[in-house]
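The feature domain 'CUB' is assigned by TrEMBL to 8-142, 158-277, 299-432, 447-576, 585-708.
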Amino acid sequence: MVGLFAECDESFVSRGGAVSGTFQAPDLPNPNNISRQCLYTFIAAPGQRVLVEFRTFNLRGKPPDGAAVGELPACMHEYMDIYSEMTSLEASELVNSAFGGRYCGPIPPRRRVSLHRAVALAFYTDKPYTPPTLFTGTYRFINSSEFEVGSPVPNTLCSFVIEATKRKTGLLLSPTYPGIYPKDISCNYQFIGQPGQRIRLEFRDFDLFFGGPHCPFDWVRVYDGLDNSSAVIGTYCGQQRNLVLYSSDERLLVTFYTLPRAANTQNRGFKGIFEFSESFVKLDFISKHDAEHIRGSECDQKILSKKESTGFVYHPNYPFPYIQKVVCRYFIYGMQDSQNLERVRLEFQNFSIPKGENPKPDTCPDGYLKVYLRGQEATDSYDKHDAELCGEGAAGPPAFPPPLLSDGPRLVMVFSSGELQGRGFKAKYTFETEYRVPGTAAPGGECAFTYRSEAKKRGDFNSPRYPSNYPSRTNCTYTLVANPNEQVTVVFDHFKVKADAWNATAGLYGGATCSEDWVEAWWTGREGSRVPLGRWCGLATPGPLQSPRGALGLLLALHTDSEAVASGFKARYIFEPAKSIFGDCGGNMSGAEYGVIASPRFPRAYEAPARGDAARVCNWFVTARPGRRLLINFQTFAVEGHLTERGCPAAVLRLWYESPGPPLELCGEKAPTDRWQYLSSSNSIRLSFIIADKSVGAAGWRAIWTEVTTDTEGCANACAGACLPPSAACSGLQHCAGAPIKRPAHC
């Protein structure tokens, strides 16, 4: 059917000159609605290509489903077929040529560049009249030599070898740029430089079909070497901006691949410029110093921690002065995983980046070293640097720029050398464990933190990396140092320490119950003495802690084993003026055979401390005669918390009845039938009731203490392995848990 109505076919033929022109739709009456086809052919001279571009386009085809799904765009009644990959100039070649798409409607096809020397437009219509304004366009015959970017590889369509000995710089174009690129092609561009050279490739325009982040359809892949067995710099598709790549040595391979599918996309391909040069940065300043060159960059490097390792970074061209107009990035990354979290310390040992003459203060008008401490590179936020360094550093204070410490595991530097030449820099990096614990850290980097009243009266501390899980195989200490005549209170707001085999006896914590991970606490004295307060694990939150009057402060420790981990703890501390030895209430009890101790306001509920106070504390000291012991029975007990399920975070009663040893820690509610009764190992006991500021109050407790002996032979009033004094029988008190209160007749 081609050429049947010859009066509407048109040919545009180049005679070898730089010819351009216009074309338009035929002025075509067709009163009988006969199917008409007009063929427009554009034929270039040898050494030329054709570029065809539509200016207006408004074909009246309608897209009912007139084609097999996935094959052609569905246009009926009026459409245009495009062929731009014809290998011969014969009109019959259309049958064999790759089909470039069928178009109708108001959106013009994108420009076309012939793959060889010809483009054909087949216009089809069965409308009664075609006005010349239906479509218009321009054509131009262009020089094909710019597509021959190097020496053609024999028997290939678009593969070239580009050698530095023939051209040091030039254009790199996809086969029909800026027209739509062909489908089902594979082009190789092999760059071969001379020893000591590197290749720079800058894409000024890059527009490929985007099939997803891994580029499964059409792609450009760049290899850092001679062939496709070399390391891949990257695979690119979609639209790329500012894509600049460097080879590591004098060889580079660029491969352009497109799928053999129907052309349903209209992408331009790419236009780049290449350059062979000996003046690009030599990479030995990276490779010699335990860093890794980031493939594809001129001089970017990355340094990964080998766990608490250290090393040095240098300016490019070290130890010689640096080259002008170079930008190098340094990515220094500490460990960050379930077991490790590091930060980066940077200390300068040489520094010279000239500012030039009469610079404004605190500016870097020429070269600079920008430092990023908070991971800004992850979002390309290079405008938000933490430090911009330049000038002359001299040995001796204030010498080089001060040490820098990353906030998190990443430190990034960007060095830009500017117009002036300088001696550059040398800096030492150290990866150190980042515990994410507020407080004054130990200088050696171990997990040890100090909180001094003179520095801060109140604050927080936590297990490493809280609220994330703490690492395994870790030991941390927290030292709280009060001023003279001060006390320090610690309140836990979160506590979850791994304890799979936790079999705590209620209220009794220690080495027997916490054998995996645990928290321990001590009172500390001024001569280095320690008094143990307990060991906690599982969900049993420690009760509020307070150093006694005259103590130096508190010491807490976290121990974790090599097994599973948990979220750990968060606590706060408050330094306050010291109270009396008895606290807010409490007292001394001695010289009597028995007595009663109860929570403040009992039988009414106890109250939270006054507003602004860290805690309300009551200390009782009970002393029996020498050789005697003390039996204490809690007749009733109701304090916020639950010994095994959540511990005693808001209020706690500590009972020292066994010495040495830590105290018994009590909270929760005693059932009427439970026996909470304890026999001291010496002639004294101590009770400390601490109510934290987050307490909401509860009914409280009442306890009866009794002076006893352990000689029960012939004892008329024995209880729990002890002998009660005769006077106890007439007291009307329940000295012995579970025993009825009876007053004998002789009372």
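All residue numbers here begin at 1 and follow the chain in the order shown.
Placement of Cβ uses the backbone N, Cα and C atoms for every residue, glycine included.
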Q) Taking 8-142, 447-576, 585-708 as candidates, which has the most Cβ pairs under 8 Å with the domain 'CUB' (158-277)? A) 8-142
Q | Stretch with greatest number of CB pairs under 8 Å, the domain 'CUB' (299-432) reference, 8-142, 447-576, 585-708 candidates | A | 447-576
Q) Any idea what the model's mean pLDDT is for the domain 'CUB' (299-432)? A) 89
Q. Residue counts in helix (H, G, I), strand (E, B) and coil for the domain 'CUB' (8-142), per DSSP?
A. 9 helix, 61 strand, 65 coil
Q: With DSSP as the yardstick, break the domain 'CUB' (447-576) down into helix, strand and coil residue counts.
A: 0 helix, 67 strand, 63 coil
(Q) Please list the DSSP helix, strand and coil residue counts for the domain 'CUB' (158-277). (A) 0 helix, 57 strand, 63 coil
Q. With DSSP helix as H/G/I and strand as E/B, how many residues of the domain 'CUB' (299-432) fall in helix, strand and coil?
A. 4 helix, 58 strand, 72 coil
